[in-house]
Amino acid sequence: MHPYMMFFFFIALALGTSITAMSSHWLLAWMGLEINTLAILPLMAQHYHPRAVEATTKYFLTQATAAATLLFASLTNAWLTGQWDIQLMTHPVPTTLAIAALSMKLGLAPLHTWLPEVLQGLNLSTGLIISTWQKLAPFILLIQIPTANQQLLILLGVMSSLVGGWGGLNQTQLRKILAYSSIAHLGWMILILQFSPTLTLLSLITYLIMTTSAFLAFKYNNTTDINTLATSWAKAPLITATAPLLLLSLGGLPPMTGFLPKWLILQELTKQELPATAVFMALTALLSLYFYLRLSYAMTLTVTPNNLATTTPWRLNTPQASMPLALFTLTAIFTLPMAPAIMALLNF
């Protein structure tokens, strides 16, 4: 793809998300989501590979269905209450429809089945955009919708955390593992949304940093499955040494950064007199931690057989930029000591 065209599509992505973020009217928010979807489609299909075209088609059909449902929910709300304002959606029927539509856009369980298949058909760069930037606009709308006393959010959060942990156990492809990791993290965010939106925002920022670091590390090593992780020592020893810490941070293991949002969410659930939900979420986090440990073991404690007369991997110069990877990795691993300052800033 020509660099000017790619720059244009990235500007359209930013424009769509900005329109959704700044709008309080449902039609403008829906328009921003549509611009966002139409801008990412050429980036997904730019390699003309059959799997990329298939992933693009699946993504388009899913997002179009979710957008139509969201437009129907906003029309229903305007018909029942006479209001187009996002924060004045008070009737339970359009509110439930809007939450279901935004859940499909995010990839929350049980509307998650498109996300692993779409990510598997894309390269790591486009998968990074799908897993991070494309989550912002739906979450901005979810935070604005009045969600008090919504049992649906608790159900979606618990199911997403369980499906995200359970579905990633038997995967060997890194993109599918990252997709199920995304589903599990989104479940934690959606669960706490109605109780503490600021905590949801903190969890989203932490998720964006950790997921970006993971995608950049795999992209730097040019690895797409567990077997090729064993070649990381020869390609980038320093990244191989820090990547397990990054993966354990994704799993929420202390003293890494990923422990902070999980700790605060479990604390908030206990304050809201939901101890059973807190215990269940902590147990589902162990499922995710297992396949992160599996990736760490494959990367650090296994060595790939080198019986073929090929070019030694460490002799090849990589064209990947290492500065963003270094910054995101340090942030994803060593932010936990700043927890008191973050809690004071967010008034916890």
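The backbone N, Cα and C atoms fix where each Cβ goes, glycine too.
Listed in TrEMBL for this protein:
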type	residues	note
DOMAIN	23-287	domain 'NADH:quinone oxidoreductase/Mrp antiporter transmembrane'
DOMAIN	289-343	domain 'NADH dehydrogenase subunit 2 C-terminal'
SIGNAL	1-16	signal peptide
TRANSMEM	60-80	transmembrane segment
TRANSMEM	92-115	transmembrane segment
TRANSMEM	151-170	transmembrane segment
TRANSMEM	177-195	transmembrane segment
TRANSMEM	201-221	transmembrane segment
TRANSMEM	233-254	transmembrane segment
TRANSMEM	274-293	transmembrane segment
TRANSMEM	325-346	transmembrane segment
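Here the transmembrane segment (151-170) has Cβ contacts under 8 Å with residues 96, 99-100, 103, 108-110, 112, 116, 176-177, 180-194, 274, 277, 280-281, 284-288, 290-291 of the same chain, all six or more residues outside its ends. Within its own chain, the transmembrane segment (233-254) has Cβ neighbours under 8 Å at 181, 185, 210-211, 213-214, 217, 220-222, 261-263, 285, 288-289, 292-293, 295-296, 299-300, 303, 312-314, 316, 318, 325, 329, 332-333, 336, counting only residues six or more beyond its boundaries.
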